[in-house]
Amino acid sequence: MDRNRKWVPGFGAVLLTLLSHMTSALEVPLDLPQPPTIILQSPKDYIFDPRENIVIHCEAKGKPHPSFSWTRNGTHFDVEKDSKVLMKPGSGTLVIDISSERAEAYEGTYQCIANNEHGTAVSDSIVIRQSRSPLWSKERNEAIMVQKGVSLVLQCRPPAGLPPPVIFWMDNNFQKLPLDKRVSQALNGDLYFSNVLPEDTRSDYICYARFPHTQTIQQKQPISVTVLDSSPEGERRPGFMLPLGTTSTKMVLRGQTLELECIAEGLPTPDISWQKEGGELPSNRVSYHNFKKTLKISDVNENDAGNYRCVATNNLGTIHHTIKVTVKAAPFWVSIPRNLILAPNETGVLTCRVNGEPKPRIDWFVNGIPIENTPEDPSRKVEDDTVILSNVQSGSSAVYQCNASNEFGYLLANAFVSVLAEPPRVLTPPNQVYQVITNSPALLHCASFGSPIPTITWFKDSQISIRNTDPYVIHENGTLEINVAQPLNSGKYTCIATNNLGIKENHVFLEVKEPTRILKQPEYKVVQRGMSAVFECKVKHDPSLIPTMTWLKDRGELPDDERFEVDADSLTIRDVTDDDKGTYTCIMNTTLDQDSASAMLTVVEKPDPPTDLELTDQTERSVQLTWTPGDENNSPIEKFVIQYGDLLHQPGVWTNLTEVPGTSTTAQLHLSPYVYYSFRVLAKNRVGYSEPSQSSRQYRTNPAAPDENPSGVQGVGTEPGNLVISWTPLTGLQSNGPGLEYKVQWRQKDVEKEWSAQNVANVSQWVVSGTPTYVPYEIKVQAFNDYGVGPEPEVAIGYSGEDLPLSAPESIQVMVHNSTLAEVHWEPISPPSVRGKLQGYKVYYRRKHGLHETEEETDQEMQVLTFSGNRSEGRLPGLQPYSVYSLSIRVLNNKGEGPSSQSKTFETPEGVPGPPSFLNVINPGLDSLTLEWGPPINNNGRLTGYILKYQPVNNTSELGPVQFMTFLANETTITLSNLNSSMLYKFYLSAKTNKGSGPIITEEAFTVMHTSESCPTEPPHPTSPITQSLHSPFHKAPPVGRAFGTVNTSVSEDSAVISWEYFGHHKNVYVEYIVENSKEEWKKEFANGSHSHTIKGLKPGTSYRVKVIAKDAADPTVHSTDEMLVTVPAVASRQVDIATQGWFIGLMCAIALLILVLLIVCFIKRNKGGKYPVKEKEDAHQDPEIQPMKEDDGTFGEYSDTEDHKPLKGSRTPSNGTVRRDESDDSLVDYGEGGDGQFNEDGSFIGQYSGKKEKDTHEGNESSEAPSPVNAMNSFV
């Protein structure tokens, strides 16, 4: 509901109220008192079907719920008195049962009234009318006879129905009559002929009227039309049949559809066009119908008034008709009155602004009573279309009605005024969560109610006050709009509704989500039939939203076919068929948005074979072939290939004849004579070739003389004195006829004038004998058959057979450039001596011996160099220095080599020597190494000595300073001293002559390492020499041979420490280990560039195989130590021996010390004459065996220094007189057996002692022994 109000000091501020008043929609909660509001009613014009009940709707709301009553034709309609009328409970809706009554009795104007204690609302006046479909009046139609070419109108004039019927013309077979621009149906239903033709003659022109409400069809009597051709009407200018005259008028109401109609007669049939004088037709609302004879303009407004001109034109002239259109208007709303909720003493305004043509009259009502008939109210003022209510008071609620009317209709609106004093309440549910997509608008609602109208304020995250500025917009109804929501806008929003009666707040939450986007769209696919098509559709979406992927085909669901497989981000179509072509769309939906993308699938296949081959335009040498292309299967045909078969010469073989573009369906074929042709066509597209078409009918060409001669004619001698003439024979297709033969002709060039000739058949060569050696011949071969000879052949040049050359080169000279290169020159032989085609010269040369040698070497192989063509010099590379060579030369042709030239000897100068033959390191010591070497295999001169260089290599493969040494030629060993122990050295050795040093050989070796308990797993050893250039730049020497030295191991209860010496250059060193006799894979641990590593987590009592390896990814060489067996010792028992614990030993020492102190104190007291408690106890017991203390010496009677080894009283002594040792002889029990032994209060030991006495049968061996501190100490253990 909407409400208009503003606080004002009094009625004098009404103008201010009108200027500043804002309209906002307020929904009054139904738990608050309020006047009735009509929420549902029937249309103003209600046409009912008499076969059904009449239902007149009227629903209203209010607090308390309103009661309902009705008026009919302006008077009260007592519903309860009519048994046929039922009002629905709680509603004002009437249901009238007319099944057994005359429906006309209930026609009339009805109005619903809804009332409660706060006011009365009324509905529109609803006119109830019965639908009618009256019968056609009976009439007899006269037959119409008309001359050809004249115009004709067949009138329909249906009976008036309610609502008006729909008109159409049909024949007796219920077939609609065809309409065109010559024959058309007017808006009133009449049938117009601009000119009649003989085919218009028929006797069943029937007009039908269909009545929509009753769904009945009425039929007019048939009309008979006969078109005569006895006196036909000639051509004429157009003339209007409808409307008549040159001008007419038309009135239309605003908002309705304007229909203008012009039907013209004439011969030929005129064309109709439309214009608006002084303006343009509204293109967005205009449409043409009935072959442009009807102009329609929808939703007419005042601007559509004016003069419209329709123009009829044929080739004889033009005529026009002007229709003057006026636009009237039933009342329409400009500002509809809205409900007012006012607090006491507030002022409000009801506005009822309408427009229309003519200007509507406005009448105000209060609770359904004309306002002028209601009691005077000083707070109310009526000013035409406005009611001003000032300083309203409680109890003044009412419903106001505004009625605006003119001659074309009326408008009625209810607006209640409710006076309430109500604190704010927020109608939007609390803690509502709004979810939007980034960059889309967000609307956070705060629907509220209160009287006075609450003021709405917004806060974000309970702190930030939101103002009505970008990006926020606060609407009058309290809704907060964020034009373009961003993730930073997410959070908690609080709206606060405030008026002078209270305050109310509500919290809502906004979550701005990432948009759903298709990252990889499906792509256009061209797939061959039977293959698979895969459309990918990869999507990104907000992770908190649940996505749903949907695939569509041609905007519909995918076929229910197992060939279609939908995965998370793809659609796969297997075994594609032609029906699968179309547009596939992937749609990713979330609860907030969606994204989609489409791609087409085109199913292609090889073309279907062409059909309907036809031969036309046949001549001796050509024919035209035409065909019909087969289906290209969605892939354009690129070309057609025409093949032919020759049933005469090559039956069953098809050969390509020509190709034409894919747009052609004909080909002009060039043919050969004497061929039995049949043709077929293949089509090709991007998929491949079609199957061949059916072959055409056979076409034979007549024989003729050959069109060409054999190709590839040549003459070559194979032996001295012959010439072999050969050629490529013609094919059967080239023969052009039967009896193919060849005429072979030859003559010696520039010698013979006449041609020698020979006819041959079925061969491809001819041998001419008795020719001179290697002379040129002119040759030609001509084809002929039974129908003539071929064209004049071309002349080819050939040569007769060759023979071996006759002479050898002379004047041989050798120029030596350096120790390895010489250049030889000779004089070429004359061409006749070659006796063939000169191929070149062969130079044979061999090393005889070195210059320092006297005997010739016999094992040197002869070397050969061939110099092609007519040469007179050549170079001999790769010679051995300081040597004697001999050479000879032969000439070469296709037949072979000629005689050898005289031998020529030359010498090469001295050069640098080769590398020493070997370099070994022997007898390694702690600080010395002995080297021995051998002389070069090739000295290449006089050997003058050797150069030795060496340098140390540390653990990181870095080279130390270089040392130089030179030796004489006869020195081949040296011992190097003062070297570092356990060090790798690298040696470089080269030999030298007067020309310089030769290439080096290298060797590496270790000096002896210090003695260690560990065993070296990879002792250094000499390696084979490596020859390399001395000048090769290097900084680190790669290890040669074994690179690991000594390896040490030590173990603890769960780990092992491995240490080693490594002299290689690899950076990555690993320790590998495995349980002995285990089949598991070796475990590997990286040593991190150090020379020791601890393996942790080993099992006690287990043996492991361990090795150290070195390798790099860039170097395939792997160095490894030998495997070592490491045994982890078993862990001893974890039970604690208390006797070995420090705390216990300390305690026992303290106790022993205390006892010793006590004993000393006792002895001191005794020596001083003090009484010892033992005497008192002896007196008390009166034991006869206890002797009294000897007073003469002051000692205890039972203690004897001389009997220290006698057992104490109470001990068990065996009969043999020995003391039992099966029990501990130092326990406290032994000292106090029988319960007599005890400690006194000061902790000293008191026992029963017996002195020396006579032995009896029971105690013969008893003795007393004073306890020593040691025994006392042991008794606690």
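Cβ atoms here come from the backbone N, Cα and C positions, even for glycine.
Feature annotations, reproduced from TrEMBL:
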- 1-25: signal peptide (SIGNAL)
- 36-123: domain 'Ig-like' (DOMAIN)
- 134-224: domain 'Ig-like' (DOMAIN)
- 238-326: domain 'Ig-like' (DOMAIN)
- 331-418: domain 'Ig-like' (DOMAIN)
- 424-511: domain 'Ig-like' (DOMAIN)
- 515-602: domain 'Ig-like' (DOMAIN)
- 609-704: domain 'Fibronectin type-III' (DOMAIN)
- 690-714: region 'Disordered' (REGION)
- 691-701: compositional bias 'Polar residues' (COMPBIAS)
- 706-803: domain 'Fibronectin type-III' (DOMAIN)
- 808-911: domain 'Fibronectin type-III' (DOMAIN)
- 895-914: region 'Disordered' (REGION)
- 915-1014: domain 'Fibronectin type-III' (DOMAIN)
- 1038-1130: domain 'Fibronectin type-III' (DOMAIN)
- 1143-1164: transmembrane segment (TRANSMEM)
- 1173-1277: region 'Disordered' (REGION)
- 1173-1193: compositional bias 'Basic and acidic residues' (COMPBIAS)
- 1251-1261: compositional bias 'Basic and acidic residues' (COMPBIAS)
- 1263-1277: compositional bias 'Polar residues' (COMPBIAS)
Same-chain residues near the region 'Disordered' (895-914), Cβ under 8 Å, at least 6 residues beyond its ends: 720, 802-810, 812-814, 816, 818-820, 822, 824, 826, 829, 833-836, 842, 844, 848, 851, 879-889, 936-943, 991-999
Residues of the region 'Disordered' (690-714) by DSSP state, where helix covers H, G and I: 0 helix, 6 strand, 19 coil
For the compositional bias 'Polar residues' (691-701), distant same-chain residues with Cβ under 8 A (at least six beyond the ends): 606, 608-611, 613-615, 618, 620-621, 623, 625, 627, 643, 645, 647, 654, 671-682
Range from 36-123, 134-224, 424-511, 515-602, 609-704 with most C-beta pairs under 8 A to the domain 'Ig-like' (238-326): 134-224
Same-chain residue ranges lying at least 6 outside the region 'Disordered' (690-714) that approach it to Cβ under 8 Å: 606-611, 613-615, 618, 620-621, 623, 625, 627, 630, 643, 645, 647, 654, 671-684, 725-730, 734-738, 740, 742, 764, 779-791, 793-794, 796, 798
Stretch-averaged pLDDT - the domain 'Ig-like' (36-123): 92
